[in-house]
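A.B. asks: First the structure, then my questions, so here it is.
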Amino acid sequence: MKVSYRWLQEWIDLDDLSPEEVAELLTRHGVAVETVRQLNPGLSQVVVGEVLEVRPHPEGGRLRVCRVDVGRGDPLQIVCGAPNAAPGLRVPTALVGATLPETTIGEAVFRGVASQGMLCSAKEIGMEARLLPKDQTEGLYVLPPDSPIGKDIVDVLGWDDAVLELDLTPNRSDCLSMVGVAHELSAILDRPLKFPDWTEGGVAEGPSPVRITLETPLCRRYMGQVIEGARQASSPLWMQMRLLAAGIRPIDAIVDATNYVMLELGQPLHAFDFDQVQGGHIRVRAGQPGERLRTLDGVERTLDSSMIVIADEARAIGLAGVMGGENSEITASTTRIVLESAWFDPVSVRRTARHLGLRSEAGLRFEKGVNPEVLPLALARASRFITAHAGGRLVGAPVDKGDLHEDRKKIALRPDKVNEWLGVKVEPGEMKRIFERLGFSVDRLDMRTWQVEVPSRRRDISREIDLAEEVARLHGYDNIPATMPEGRVTAAGRTLSQRVRGTIRRFLTDLGFFEVWTYTLQNPSVIGRLNEGRSQEYLAVLHPMSEERAALRTALLPGLLDAAAYNVRRDQREIAIYEIGRVFHPRGLPLADLPDEREQVGALILGRFGPHGIGWEGRPADFYAAKGVAAAVLERLGVQADFVPGVREGLHPGRAAQIQVNGRKIGWVGALHPEVEERWEIPKAYYIELDMQDIVKSLPGATTYRPLPRYPGISRDLALLVPRERAAREVEAGIRESGGPWLENVELFDVYEGAQVPPGFKSLAFRLSYRAEERTLTDEEVNDALRRLIDTLRERGVQLRSE
């Protein structure tokens, strides 16, 4: 927001303060001023001159010799090459000795003719060409015909001014207007505001020729004023200069009046050519799918039902809060206009602007929410400017449709609590005066509680803590002493969950994984991509910053897949990444309770996995590599897990396992479903997911230590044939159960299907370790135990592969 210091002075007395002092005051009280820029670009001795005579240069060419009256003695002779130089024009004239932004003017001779100064273009006196009306971008800058001859151009253009560029936080939309900033200074300085006479210029009465109907709840108030006899003329120079200082290009008296009032009061307005509104009927409705509208920028746009459309009886004529339509544009032939002042739903305006790529000063204000109490004031103010500068008269009273009459927010406030939060004693009397200076009203509910009524312009105030912040701002942050925070001292150390998280993070990093952080907010369509297009309940954000961040994630996998796909597109083929983060599941929709918020560990493996070196490139990632990682992580924490075949969306139905501890699920491991790999355009990948809360619950109660074995152990390998559908964990469980007291460990080290294995079977190779604590076992003892185990396995349908 760019604020003119002189314009601000029309709303509040600032004669005793410089622009820099005003900027310092605002910044110290929470409204940051980024820069203070003087409008004068360094002009001196540049005055208004009137061209009296123009004659060709004696030697021909494009040069012409002008006689110019500058109000100081005899007219000056000035050589000029501008094609628009003509008698009667009043233009900026640089006298001999004048300074311009890029040069100093001296006497000169052009092809034998003396020149006593320079007639200036807009660029030469420091104006930005991109902000000027098209007819002022080339040639001499033409001033209004009533500009006083000889007057300093700085005074004529209103350049004895400074612009304060505010760096507003998103919640302070009330400061997107001159009156909003004036309210702030009024509270800071405890000075009254100076309001204009809203009825100046007269108030129209009687029936209006425009009919307005609201057909969508997204527009809760719409006002329209018809003006006839208005013509397309230039706005006064002072208004143009203020618009330029704010970064807005002047267009004509009608458009400039709407932009000026928007900057002044914060309420955007729009003018339609009333003769182009069919039936004299304005309808505010939802867009129709496939409906098309050519907007004022000349682009034909396709509308949809989420957009608010301004229409007549036959077609759309504007996009509410975003841009008007070309079919109702003000032109040189316009004689009747209808001026719009309305309230549109901020979320709808923001989505429409983002979808169509149309951002504007008006749209910014609608997106943040305009003050509903300002609508009639802005309409009256703009109507007065239009009739004063473009001619015409008001026809009928303004039409006012809608029910937007919001009750002002009333918030309970405990002054003692405010002082406790701030750490400073603000007397109740001072606190009450602060609120009154801000325009809030205060009533006492009881001995300890006040009721504070918030003005409609302060849409950012909704809680007691917000009121406490206002007290801090106006009391002065500099008046709040710096103190050390107080609290109970607790023994240093990390919680159990923090220690588990750190152990997992270090262990996975040691295994060669890279940690990633992905967005907690996701596009809802990502959930459908993961779940094979089927819908799933998720938590939607009420006011998302973008469609890409409109829902809380329900799983870590989509973010990991995005990260993997990003790297695959950059020719990275060996990827091992993990993330520790929170996921969110609604306990039911519509949401009636807090969501189920879980912390999870997710890991994704693609390509070869493991250490690389000369002669060793790691092993190709597969289900067993992923399972081994999951088992190793849990074993590092002292948790013994079982892997039970299961089916889960997003994973391959035949290559996925549920991770269980004592029958309770704590995670999943498996190959990604081929359709998921195809959607993300990545090669074969494997996923591990662990639930942090469940892991913590599964930790052993106390760590026990066993002495190192004193006697050697004996190992035997068994290759067993089992039906293909039989799980290896079942066979392993049978071995452990029947292996005898000396069986110390069972390890599955190979799974094979193919040649020399009968169809419908698979070969499982186990390594069995035997050891006795009190002596060394003999081969005969181990062989006897192994024979008994094999006999038991035969009874359960398992046989040696060698048989």
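Positions of Cβ are set from backbone N, Cα and C atoms, glycine also.
Below are the features listed in TrEMBL for this protein:
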- ASP460, ASP466, GLU469, GLU470: Mg(2+) binding site (BINDING)
- 40-154: domain 'TRNA-binding' (DOMAIN)
- 406-482: domain 'B5' (DOMAIN)
- 709-801: domain 'FDX-ACB' (DOMAIN)
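Burial and contacts for the listed features, if you can.
C.D. replies: In this structure, ASP466 (Mg(2+) binding site) is part of a helix by DSSP. For ASP466 (Mg(2+) binding site), other Cβ atoms within 10 Å of its Cβ number 17.
Counting residue by residue with DSSP, the domain 'TRNA-binding' (40-154) contains 8 helix, 46 strand, 61 coil.
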A.B. asks: Would you pick out, from the binding-site residues ASP460, GLU469, GLU470, the residue whose Cβ has the largest number of other Cβ atoms within 10 Å?
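C.D. replies: Checking each of ASP460, GLU469, GLU470, the winner is GLU470.
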A.B. asks: If the Mg(2+) site is taken as the center of the Cβ atoms of ASP460, ASP466, GLU469, GLU470, which further residues of that chain fall within 8 Å of it by their Cβ?
C.D. replies: ARG458, ILE461, ILE465, LEU467, ALA468, ARG473
A.B. asks: Looking only at the domain 'B5' (406-482), report the model's average pLDDT.
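C.D. replies: Value for the domain 'B5' (406-482), mean pLDDT as a whole number: 91.
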